[in-house]
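To start, the structure under review is shown below, and the notes come after it.
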Amino acid sequence: MWWDERVSARFRRNLQPTLTYWSVFFSFGLCIAFLGPTLLDLRCQTQSSLSQITWVFFSQQFCLLLGSCLGGVFKRTLAQSLLALFASSLAISLVFAIIPLCHNVVVLAVVMAVAGLAMGCIDTISNMQLVKIYQKDSAIFLQALHFFVGFGALLSPLIADPFLSDTNCILANGTANASSNLPHIRKSLLPHHPGNLSHYDLPMKGMVVTRVSYAFWIMALINLPVPIAVFFLLYKERMVPCFNGSSHPLLSADELALETRPGDKDELSAAGQRPQVAAGHEDLFSCCQSKNFRGASYTYFAVHVTGALVLFMTDGIVGEYSGFVYSYAVEEPLSVVHKVAGYLPSLFWGFITLGRLISIPVSYRMKPATMVFINVVGVLITFLLLLIFSSSVVFLFVGTASLGLFLSSTFPSMLAYTEDILQYKGCATTVLVTGAGIGEMVLQLLVGSIIHDRGSYSFLVCGMIFGCLAFTFYALLVFFHRMYPKPSPELDEASPDKAAAPEDTGQYQR
(Lines of atoms letter the chains of each structure in order from A and count residues from 1; the text may use other names and numbers.)
(Lines give C-alpha, C1' and ligand atoms only; values in the text may rest on other atoms or scores of the structure.)
Protein backbone atom coordinates (compact mmCIF):
# COMPACT_ATOMS: atom_id res chain seq x y z
CA MET A 1 0.00 0.00 0.00
CA TRP A 2 2.70 2.49 0.97
CA TRP A 3 5.67 0.39 -0.14
CA ASP A 4 5.73 0.34 -3.95
CA GLU A 5 8.60 -0.32 -6.34
CA ARG A 6 9.50 3.37 -6.62
CA VAL A 7 9.91 3.70 -2.85
CA SER A 8 11.81 0.41 -2.73
CA ALA A 9 14.22 1.64 -5.42
CA ARG A 10 14.80 4.87 -3.53
CA PHE A 11 15.47 2.90 -0.34
CA ARG A 12 18.08 0.74 -2.12
CA ARG A 13 19.83 3.84 -3.46
CA ASN A 14 19.98 5.36 0.02
CA LEU A 15 20.49 2.18 2.00
CA GLN A 16 23.66 3.20 3.85
CA PRO A 17 22.54 6.65 5.04
CA THR A 18 19.11 5.32 6.02
CA LEU A 19 20.55 2.48 8.11
CA THR A 20 23.02 4.93 9.64
CA TYR A 21 20.28 7.32 10.78
CA TRP A 22 18.27 4.41 12.16
CA SER A 23 21.31 3.18 14.12
CA VAL A 24 21.93 6.65 15.52
CA PHE A 25 18.36 6.74 16.80
CA PHE A 26 19.03 3.40 18.48
CA SER A 27 21.65 5.30 20.52
CA PHE A 28 18.95 7.81 21.42
CA GLY A 29 16.70 5.06 22.75
CA LEU A 30 19.53 3.31 24.56
CA CYS A 31 20.28 6.51 26.48
CA ILE A 32 16.73 7.52 27.33
CA ALA A 33 15.52 4.56 29.42
CA PHE A 34 18.36 3.37 31.67
CA LEU A 35 17.93 5.90 34.49
CA GLY A 36 14.74 4.36 35.86
CA PRO A 37 15.92 0.82 36.73
CA THR A 38 19.40 1.98 37.79
CA LEU A 39 18.04 4.65 40.11
CA LEU A 40 18.81 2.84 43.37
CA ASP A 41 22.33 1.90 42.32
CA LEU A 42 23.06 5.44 41.13
CA ARG A 43 21.77 6.76 44.45
CA CYS A 44 24.15 4.42 46.22
CA GLN A 45 27.00 5.39 43.92
CA THR A 46 26.44 9.11 44.52
CA GLN A 47 25.09 8.67 48.09
CA SER A 48 22.15 10.98 47.36
CA SER A 49 18.44 11.17 48.12
CA LEU A 50 15.65 10.60 45.61
CA SER A 51 14.94 14.33 45.35
CA GLN A 52 18.63 14.98 44.58
CA ILE A 53 18.90 12.24 41.96
CA THR A 54 15.73 13.60 40.31
CA TRP A 55 17.77 16.59 39.15
CA VAL A 56 19.72 14.15 36.97
CA PHE A 57 16.48 13.49 35.06
CA PHE A 58 15.88 17.22 34.83
CA SER A 59 19.36 18.00 33.51
CA GLN A 60 19.04 15.35 30.81
CA GLN A 61 15.60 16.49 29.63
CA PHE A 62 16.44 20.21 29.79
CA CYS A 63 19.60 19.75 27.74
CA LEU A 64 17.70 17.50 25.33
CA LEU A 65 15.55 20.53 24.51
CA LEU A 66 18.65 22.69 24.10
CA GLY A 67 20.24 20.02 21.93
CA SER A 68 17.19 19.92 19.67
CA CYS A 69 17.59 23.66 19.06
CA LEU A 70 21.35 23.26 18.65
CA GLY A 71 20.81 20.50 16.10
CA GLY A 72 19.06 22.98 13.83
CA VAL A 73 22.33 24.90 13.51
CA PHE A 74 24.02 21.86 11.92
CA LYS A 75 21.26 20.92 9.48
CA ARG A 76 22.23 23.38 6.73
CA THR A 77 24.68 21.02 4.99
CA LEU A 78 25.08 17.27 4.96
CA ALA A 79 28.70 17.53 6.11
CA GLN A 80 27.75 19.54 9.20
CA SER A 81 24.88 17.17 9.97
CA LEU A 82 27.01 14.03 9.76
CA LEU A 83 29.84 15.55 11.80
CA ALA A 84 27.33 16.54 14.49
CA LEU A 85 25.85 13.02 14.48
CA PHE A 86 29.32 11.49 14.74
CA ALA A 87 30.19 13.71 17.71
CA SER A 88 26.82 13.07 19.40
CA SER A 89 26.84 9.28 19.03
CA LEU A 90 30.44 9.13 20.22
CA ALA A 91 29.54 11.34 23.19
CA ILE A 92 26.83 8.87 24.24
CA SER A 93 29.36 6.02 24.34
CA LEU A 94 31.71 8.21 26.40
CA VAL A 95 28.88 9.11 28.75
CA PHE A 96 28.10 5.44 29.38
CA ALA A 97 31.79 4.83 30.12
CA ILE A 98 32.07 7.83 32.46
CA ILE A 99 28.88 7.30 34.53
CA PRO A 100 30.48 4.61 36.79
CA LEU A 101 33.18 7.15 37.69
CA CYS A 102 30.66 9.77 38.88
CA HIS A 103 30.48 9.56 42.66
CA ASN A 104 28.85 12.96 43.12
CA VAL A 105 25.28 13.70 42.06
CA VAL A 106 26.25 17.10 40.60
CA VAL A 107 28.94 15.51 38.42
CA LEU A 108 26.42 12.86 37.32
CA ALA A 109 23.92 15.60 36.41
CA VAL A 110 26.56 17.37 34.30
CA VAL A 111 27.43 14.14 32.48
CA MET A 112 23.76 13.45 31.80
CA ALA A 113 23.38 17.03 30.55
CA VAL A 114 26.03 16.25 27.93
CA ALA A 115 24.07 13.13 27.00
CA GLY A 116 20.92 15.25 26.69
CA LEU A 117 22.64 17.66 24.30
CA ALA A 118 23.80 14.74 22.16
CA MET A 119 20.32 13.19 22.16
CA GLY A 120 18.74 16.50 21.13
CA CYS A 121 21.11 16.86 18.17
CA ILE A 122 20.38 13.28 17.11
CA ASP A 123 16.64 13.88 17.38
CA THR A 124 16.63 16.93 15.09
CA ILE A 125 19.27 15.96 12.55
CA SER A 126 18.22 12.35 11.90
CA ASN A 127 14.60 13.30 11.30
CA MET A 128 15.56 16.19 9.04
CA GLN A 129 17.95 14.13 6.92
CA LEU A 130 15.44 11.33 6.38
CA VAL A 131 12.85 13.91 5.31
CA LYS A 132 15.35 15.41 2.86
CA ILE A 133 16.13 12.01 1.36
CA TYR A 134 12.60 10.59 1.05
CA GLN A 135 10.51 13.78 0.96
CA LYS A 136 6.82 12.80 0.61
CA ASP A 137 7.73 9.10 0.99
CA SER A 138 9.40 9.62 4.37
CA ALA A 139 6.50 8.53 6.60
CA ILE A 140 7.29 4.81 6.74
CA PHE A 141 11.01 5.46 7.23
CA LEU A 142 10.28 7.83 10.11
CA GLN A 143 8.00 5.20 11.67
CA ALA A 144 10.93 2.78 11.49
CA LEU A 145 13.06 5.47 13.12
CA HIS A 146 10.58 5.58 16.01
CA PHE A 147 10.80 1.80 16.29
CA PHE A 148 14.57 1.94 16.79
CA VAL A 149 14.10 4.44 19.63
CA GLY A 150 11.75 2.00 21.32
CA PHE A 151 14.11 -0.91 20.65
CA GLY A 152 17.03 0.91 22.27
CA ALA A 153 14.85 1.94 25.21
CA LEU A 154 13.73 -1.67 25.58
CA LEU A 155 17.27 -3.03 25.49
CA SER A 156 19.01 -0.79 28.04
CA PRO A 157 16.95 -1.92 31.09
CA LEU A 158 17.49 -5.55 30.05
CA ILE A 159 21.24 -4.98 29.96
CA ALA A 160 21.17 -3.33 33.38
CA ASP A 161 18.95 -5.94 35.03
CA PRO A 162 21.60 -8.62 35.84
CA PHE A 163 23.75 -6.04 37.61
CA LEU A 164 21.09 -4.34 39.77
CA SER A 165 21.40 -4.59 43.54
CA ASP A 166 18.96 -6.76 45.47
CA THR A 167 19.08 -4.60 48.60
CA ASN A 168 20.80 -1.48 49.82
CA CYS A 169 24.10 -1.19 47.98
CA ILE A 170 26.12 0.79 50.52
CA LEU A 171 27.92 -1.01 53.31
CA ALA A 172 28.86 0.78 56.50
CA ASN A 173 32.59 1.12 57.16
CA GLY A 174 32.63 -1.21 60.13
CA THR A 175 31.26 -4.09 58.11
CA ALA A 176 33.23 -3.21 55.02
CA ASN A 177 36.52 -3.93 56.78
CA ALA A 178 35.43 -7.43 57.64
CA SER A 179 35.79 -8.82 54.18
CA SER A 180 36.74 -7.79 50.70
CA ASN A 181 34.82 -10.59 49.05
CA LEU A 182 31.94 -9.05 47.10
CA PRO A 183 29.42 -11.91 47.44
CA HIS A 184 30.03 -12.01 51.19
CA ILE A 185 29.61 -8.24 51.41
CA ARG A 186 26.35 -8.34 49.46
CA LYS A 187 24.97 -11.01 51.83
CA SER A 188 25.92 -8.89 54.84
CA LEU A 189 23.73 -5.99 53.69
CA LEU A 190 20.24 -5.37 55.05
CA PRO A 191 18.83 -8.83 55.80
CA HIS A 192 15.30 -7.85 54.83
CA HIS A 193 13.95 -5.86 51.95
CA PRO A 194 13.73 -2.19 52.99
CA GLY A 195 10.13 -1.01 53.01
CA ASN A 196 10.62 2.42 51.47
CA LEU A 197 13.77 2.89 49.45
CA SER A 198 13.00 6.43 48.37
CA HIS A 199 12.83 7.51 52.03
CA TYR A 200 15.60 5.21 53.18
CA ASP A 201 18.56 7.22 54.48
CA LEU A 202 21.62 5.88 52.73
CA PRO A 203 24.86 5.95 54.72
CA MET A 204 26.96 8.95 53.77
CA LYS A 205 30.15 6.94 54.28
CA GLY A 206 30.84 3.37 53.40
CA MET A 207 31.73 0.95 50.64
CA VAL A 208 29.60 1.07 47.50
CA VAL A 209 29.06 -2.53 46.40
CA THR A 210 26.89 -1.99 43.33
CA ARG A 211 27.88 -3.77 40.13
CA VAL A 212 25.88 -1.51 37.82
CA SER A 213 29.13 -0.15 36.36
CA TYR A 214 29.40 -3.26 34.21
CA ALA A 215 26.01 -2.52 32.66
CA PHE A 216 27.09 0.96 31.61
CA TRP A 217 30.36 -0.32 30.14
CA ILE A 218 28.44 -2.97 28.17
CA MET A 219 26.10 -0.28 26.81
CA ALA A 220 29.12 1.83 25.86
CA LEU A 221 30.51 -1.07 23.84
CA ILE A 222 27.15 -1.84 22.22
CA ASN A 223 26.81 1.78 21.16
CA LEU A 224 30.36 2.06 19.83
CA PRO A 225 29.55 0.71 16.30
CA VAL A 226 27.12 3.62 15.82
CA PRO A 227 29.73 6.43 15.59
CA ILE A 228 31.84 4.06 13.47
CA ALA A 229 28.89 3.70 11.05
CA VAL A 230 28.52 7.49 10.89
CA PHE A 231 32.25 7.80 10.22
CA PHE A 232 32.01 5.34 7.33
CA LEU A 233 29.16 7.39 5.86
CA LEU A 234 31.30 10.51 6.21
CA TYR A 235 34.17 8.72 4.49
CA LYS A 236 31.95 7.49 1.66
CA GLU A 237 30.64 11.00 1.06
CA ARG A 238 34.25 12.33 1.18
CA MET A 239 33.46 14.59 4.11
CA VAL A 240 36.12 13.46 6.57
CA PRO A 241 38.00 16.68 7.47
CA CYS A 242 41.45 15.18 6.89
CA PHE A 243 40.56 14.31 3.28
CA ASN A 244 40.13 16.81 0.50
CA GLY A 245 36.99 16.46 -1.55
CA SER A 246 33.85 18.28 -2.43
CA SER A 247 30.59 17.64 -0.65
CA HIS A 248 28.15 15.34 -2.37
CA PRO A 249 24.40 15.90 -2.48
CA LEU A 250 22.03 13.45 -0.91
CA LEU A 251 21.10 12.23 -4.42
CA SER A 252 23.45 11.98 -7.38
CA ALA A 253 22.67 13.85 -10.61
CA ASP A 254 21.39 10.70 -12.32
CA GLU A 255 19.21 9.76 -9.37
CA LEU A 256 17.87 13.30 -9.08
CA ALA A 257 16.98 13.27 -12.77
CA LEU A 258 15.23 9.93 -12.29
CA GLU A 259 13.31 11.25 -9.30
CA THR A 260 12.16 14.36 -11.24
CA ARG A 261 11.54 12.87 -14.70
CA PRO A 262 8.97 14.94 -16.62
CA GLY A 263 6.40 12.17 -16.77
CA ASP A 264 6.15 11.80 -12.99
CA LYS A 265 3.91 14.58 -11.70
CA ASP A 266 4.06 13.37 -8.13
CA GLU A 267 7.81 13.73 -8.02
CA LEU A 268 7.66 17.20 -9.53
CA SER A 269 5.08 18.14 -6.93
CA ALA A 270 7.34 16.83 -4.16
CA ALA A 271 10.27 18.84 -5.53
CA GLY A 272 8.10 21.95 -5.51
CA GLN A 273 7.29 21.34 -1.89
CA ARG A 274 10.91 21.22 -0.67
CA PRO A 275 10.98 24.83 0.55
CA GLN A 276 7.81 24.14 2.52
CA VAL A 277 9.35 21.06 4.09
CA ALA A 278 12.27 23.08 5.33
CA ALA A 279 9.93 25.76 6.65
CA GLY A 280 7.99 23.17 8.59
CA HIS A 281 10.97 22.52 10.83
CA GLU A 282 11.67 26.07 11.96
CA ASP A 283 12.68 26.73 15.52
CA LEU A 284 10.33 28.16 18.13
CA PHE A 285 11.68 31.71 17.85
CA SER A 286 11.05 31.82 14.08
CA CYS A 287 7.49 30.67 14.66
CA CYS A 288 6.85 33.40 17.23
CA GLN A 289 7.37 36.23 14.75
CA SER A 290 4.47 38.67 14.63
CA LYS A 291 3.88 38.10 10.91
CA ASN A 292 2.58 34.61 11.69
CA PHE A 293 -0.18 36.05 13.90
CA ARG A 294 -1.65 38.68 11.61
CA GLY A 295 -5.36 38.15 11.09
CA ALA A 296 -5.42 34.96 13.17
CA SER A 297 -8.51 34.17 15.21
CA TYR A 298 -8.48 33.18 18.88
CA THR A 299 -9.24 29.58 17.91
CA TYR A 300 -5.96 29.53 15.93
CA PHE A 301 -4.03 30.11 19.16
CA ALA A 302 -6.35 27.86 21.17
CA VAL A 303 -5.69 24.88 18.88
CA HIS A 304 -1.92 25.36 19.24
CA VAL A 305 -2.09 25.72 23.03
CA THR A 306 -4.52 22.88 23.78
CA GLY A 307 -2.67 20.50 21.44
CA ALA A 308 0.61 21.33 23.17
CA LEU A 309 -0.98 20.85 26.60
CA VAL A 310 -2.26 17.38 25.68
CA LEU A 311 1.28 16.35 24.70
CA PHE A 312 2.69 18.15 27.74
CA MET A 313 0.68 15.70 29.86
CA THR A 314 1.01 12.51 27.79
CA ASP A 315 4.73 12.82 27.06
CA GLY A 316 5.21 13.88 30.68
CA ILE A 317 3.53 10.63 31.74
CA VAL A 318 5.93 8.68 29.51
CA GLY A 319 8.90 10.35 31.18
CA GLU A 320 7.76 10.12 34.79
CA TYR A 321 6.34 6.59 34.51
CA SER A 322 9.42 5.10 32.86
CA GLY A 323 11.62 6.96 35.33
CA PHE A 324 9.85 6.07 38.61
CA VAL A 325 7.85 2.86 38.09
CA TYR A 326 10.88 0.87 39.24
CA SER A 327 11.18 2.91 42.46
CA TYR A 328 7.43 2.61 43.05
CA ALA A 329 7.46 -1.18 42.58
CA VAL A 330 10.24 -1.91 45.08
CA GLU A 331 8.56 0.06 47.87
CA GLU A 332 5.63 -0.89 50.07
CA PRO A 333 2.96 -2.16 49.67
CA LEU A 334 4.22 -4.06 46.60
CA SER A 335 7.84 -4.65 47.72
CA VAL A 336 8.76 -6.26 44.42
CA VAL A 337 12.20 -7.86 44.24
CA HIS A 338 14.60 -5.46 42.56
CA LYS A 339 15.48 -7.68 39.64
CA VAL A 340 11.82 -8.38 38.92
CA ALA A 341 10.99 -4.68 39.15
CA GLY A 342 13.78 -4.02 36.65
CA TYR A 343 11.61 -5.63 33.96
CA LEU A 344 8.92 -2.96 34.33
CA PRO A 345 10.70 -0.22 32.31
CA SER A 346 11.54 -2.81 29.64
CA LEU A 347 7.90 -3.94 29.54
CA PHE A 348 6.75 -0.32 29.29
CA TRP A 349 9.08 0.54 26.41
CA GLY A 350 8.45 -2.81 24.76
CA PHE A 351 4.73 -2.13 24.48
CA ILE A 352 5.43 1.43 23.32
CA THR A 353 7.49 -0.12 20.52
CA LEU A 354 4.76 -2.68 19.77
CA GLY A 355 2.14 0.05 19.74
CA ARG A 356 4.14 2.08 17.25
CA LEU A 357 4.24 -0.88 14.89
CA ILE A 358 0.51 -1.54 15.27
CA SER A 359 -0.38 2.13 14.74
CA ILE A 360 1.09 2.13 11.20
CA PRO A 361 -1.70 0.06 9.57
CA VAL A 362 -4.33 1.31 12.04
CA SER A 363 -3.67 4.95 11.11
CA TYR A 364 -4.72 4.25 7.53
CA ARG A 365 -8.20 3.19 8.66
CA MET A 366 -8.82 5.42 11.66
CA LYS A 367 -8.92 9.19 11.96
CA PRO A 368 -6.20 10.81 14.11
CA ALA A 369 -8.85 12.41 16.37
CA THR A 370 -10.33 8.97 17.12
CA MET A 371 -6.89 7.50 17.85
CA VAL A 372 -6.06 10.32 20.28
CA PHE A 373 -9.43 9.85 22.01
CA ILE A 374 -8.78 6.12 22.47
CA ASN A 375 -5.27 6.88 23.74
CA VAL A 376 -6.21 9.44 26.41
CA VAL A 377 -9.24 7.44 27.59
CA GLY A 378 -7.11 4.30 27.75
CA VAL A 379 -4.46 6.08 29.81
CA LEU A 380 -7.12 7.39 32.19
CA ILE A 381 -8.78 3.99 32.67
CA THR A 382 -5.41 2.28 33.14
CA PHE A 383 -4.38 4.64 35.95
CA LEU A 384 -7.80 4.24 37.57
CA LEU A 385 -7.41 0.46 37.60
CA LEU A 386 -3.83 0.76 38.86
CA LEU A 387 -5.14 2.79 41.80
CA ILE A 388 -7.94 0.29 42.51
CA PHE A 389 -5.57 -2.71 42.37
CA SER A 390 -2.58 -0.89 43.85
CA SER A 391 -1.65 -3.89 46.00
CA SER A 392 -1.49 -6.32 43.04
CA VAL A 393 1.92 -6.96 41.54
CA VAL A 394 0.37 -8.82 38.61
CA PHE A 395 -1.85 -5.92 37.68
CA LEU A 396 1.11 -3.52 37.94
CA PHE A 397 2.73 -5.45 35.09
CA VAL A 398 -0.56 -5.60 33.15
CA GLY A 399 -1.17 -1.89 33.69
CA THR A 400 2.38 -1.01 32.65
CA ALA A 401 1.93 -2.88 29.36
CA SER A 402 -1.49 -1.26 28.79
CA LEU A 403 -0.13 2.21 29.52
CA GLY A 404 2.74 1.76 27.07
CA LEU A 405 0.32 0.60 24.37
CA PHE A 406 -2.01 3.58 24.78
CA LEU A 407 0.78 6.15 24.98
CA SER A 408 2.70 4.80 21.98
CA SER A 409 0.83 6.58 19.16
CA THR A 410 -0.39 9.65 21.03
CA PHE A 411 2.23 12.05 19.72
CA PRO A 412 2.04 11.32 15.95
CA SER A 413 -1.76 11.09 16.09
CA MET A 414 -2.06 14.39 17.94
CA LEU A 415 0.38 16.03 15.55
CA ALA A 416 -1.54 14.80 12.50
CA TYR A 417 -4.87 15.89 14.04
CA THR A 418 -3.65 19.37 14.95
CA GLU A 419 -1.92 19.98 11.63
CA ASP A 420 -5.07 18.85 9.83
CA ILE A 421 -7.16 21.36 11.78
CA LEU A 422 -4.78 24.17 10.83
CA GLN A 423 -4.51 23.03 7.17
CA TYR A 424 -0.73 22.67 7.69
CA LYS A 425 -0.26 26.35 8.40
CA GLY A 426 1.11 27.99 11.51
CA CYS A 427 3.63 26.33 13.80
CA ALA A 428 1.77 23.34 15.18
CA THR A 429 4.73 20.99 14.82
CA THR A 430 7.15 23.31 16.58
CA VAL A 431 4.73 24.22 19.38
CA LEU A 432 3.71 20.60 20.00
CA VAL A 433 7.32 19.40 19.98
CA THR A 434 8.25 22.07 22.51
CA GLY A 435 5.23 21.36 24.72
CA ALA A 436 5.95 17.62 24.75
CA GLY A 437 9.62 18.15 25.61
CA ILE A 438 8.85 20.58 28.43
CA GLY A 439 6.22 18.21 29.83
CA GLU A 440 8.63 15.28 29.90
CA MET A 441 11.19 17.45 31.69
CA VAL A 442 8.91 19.18 34.22
CA LEU A 443 6.71 16.26 35.25
CA GLN A 444 9.70 14.04 36.02
CA LEU A 445 11.05 16.68 38.39
CA LEU A 446 7.61 17.29 39.92
CA VAL A 447 6.76 13.63 40.49
CA GLY A 448 10.18 12.89 41.97
CA SER A 449 9.73 15.65 44.54
CA ILE A 450 6.16 14.56 45.39
CA ILE A 451 7.18 10.91 45.86
CA HIS A 452 9.96 12.02 48.19
CA ASP A 453 7.57 14.13 50.30
CA ARG A 454 4.33 12.12 50.15
CA GLY A 455 5.38 8.52 49.60
CA SER A 456 5.16 5.99 46.80
CA TYR A 457 1.35 5.93 46.50
CA SER A 458 1.42 9.49 45.16
CA PHE A 459 3.11 8.10 42.01
CA LEU A 460 -0.19 6.64 40.79
CA VAL A 461 -2.21 9.62 42.04
CA CYS A 462 -0.04 11.96 39.99
CA GLY A 463 -0.50 9.77 36.92
CA MET A 464 -4.27 9.82 37.40
CA ILE A 465 -4.28 13.62 37.68
CA PHE A 466 -2.13 14.00 34.56
CA GLY A 467 -4.42 11.62 32.67
CA CYS A 468 -7.50 13.63 33.68
CA LEU A 469 -5.83 16.85 32.56
CA ALA A 470 -4.83 15.28 29.22
CA PHE A 471 -8.45 14.23 28.61
CA THR A 472 -9.71 17.71 29.59
CA PHE A 473 -7.31 19.46 27.23
CA TYR A 474 -8.27 17.04 24.45
CA ALA A 475 -11.95 17.84 24.99
CA LEU A 476 -11.09 21.56 24.73
CA LEU A 477 -9.15 20.88 21.52
CA VAL A 478 -12.20 19.15 20.00
CA PHE A 479 -14.33 22.13 21.05
CA PHE A 480 -11.97 24.62 19.42
CA HIS A 481 -11.79 22.39 16.34
CA ARG A 482 -15.55 22.82 15.92
CA MET A 483 -15.18 26.57 16.35
CA TYR A 484 -12.25 26.84 13.93
CA PRO A 485 -13.09 28.34 10.49
CA LYS A 486 -13.74 25.72 7.84
CA PRO A 487 -11.15 25.50 5.03
CA SER A 488 -12.05 27.00 1.69
CA PRO A 489 -12.53 24.70 -1.35
CA GLU A 490 -9.24 25.97 -2.76
CA LEU A 491 -7.39 24.71 0.32
CA ASP A 492 -9.18 21.37 0.16
CA GLU A 493 -7.86 20.89 -3.35
CA ALA A 494 -4.28 21.68 -2.32
CA SER A 495 -3.27 18.07 -1.80
CA PRO A 496 0.49 18.77 -1.82
CA ASP A 497 0.05 20.61 1.48
CA LYS A 498 -1.38 17.49 3.04
CA ALA A 499 1.62 15.48 1.95
CA ALA A 500 3.74 17.39 4.44
CA ALA A 501 1.99 15.79 7.42
CA PRO A 502 3.93 12.49 7.51
CA GLU A 503 7.19 14.44 7.35
CA ASP A 504 6.21 16.61 10.31
CA THR A 505 5.23 13.64 12.46
CA GLY A 506 8.81 12.44 12.43
CA GLN A 507 10.29 15.54 14.05
CA TYR A 508 9.69 14.44 17.71
CA GLN A 509 10.02 10.81 19.36
CA ARG A 510 9.15 9.22 23.45
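Positions of Cβ are set from backbone N, Cα and C atoms, glycine also.
Given the structure is predicted, the values throughout are model-derived calculations rather than measurements.
Taken from TrEMBL, the feature region 'Disordered' applies to 488-510. The feature transmembrane segment is assigned by TrEMBL to 21-40, 52-74, 81-99, 105-126, 138-159, 214-235, 298-318, 340-358, 370-389, 395-417, 429-451, 457-480.
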- [ ] Run the contact check on the transmembrane segment (457-480) against the transmembrane segment (340-358): 3 or more C-beta pairs under 8 Å, excluding pairs closer than 6 in sequence.
- [x] no
TODO: Select the range from 52-74, 81-99, 214-235, 298-318, 395-417 that forms the most Cβ-Cβ pairs under 8 Å with the transmembrane segment (21-40).
DONE: 214-235
Task: Folded-back contacts onto the transmembrane segment (214-235), same chain, C-beta under 8 angstroms, at least six residues removed - done: 16-17, 19-20, 23-24, 26-27, 30, 34, 38, 79, 82-83, 85-86, 89-90, 92-94, 96-97, 99-100, 155-156, 159-160, 162-163, 243
TODO: Please indicate, using numbers and ranges, the residues of the same chain that are 6 or more beyond the transmembrane segment (395-417) and have a C-beta under 8 Å from a C-beta there.
DONE: 146, 150, 307, 310-311, 314-315, 317-318, 321, 325, 329, 334, 336, 343-344, 347-356, 358-359, 362-363, 367-369, 371-372, 374-376, 378-379, 382-383, 385-386, 389, 428-429, 432, 436, 477, 501, 504-505, 508-510
Task: Candidates 52-74, 105-126, 298-318, 340-358; stretch with most C-beta pairs under 8 Å toward the transmembrane segment (429-451) - done: 298-318
- [ ] Please give the sequence-distant neighbours of the transmembrane segment (298-318): residues at least 6 beyond its ends with Cβ less than 8 Å from one of its Cβ atoms.
- [x] 352, 372, 375-376, 379, 403, 407, 410-411, 414, 417-418, 421-422, 426-428, 431-432, 434-440, 442-444, 463, 466-467, 469-470, 473-474, 476-477, 480-481, 483-485, 510
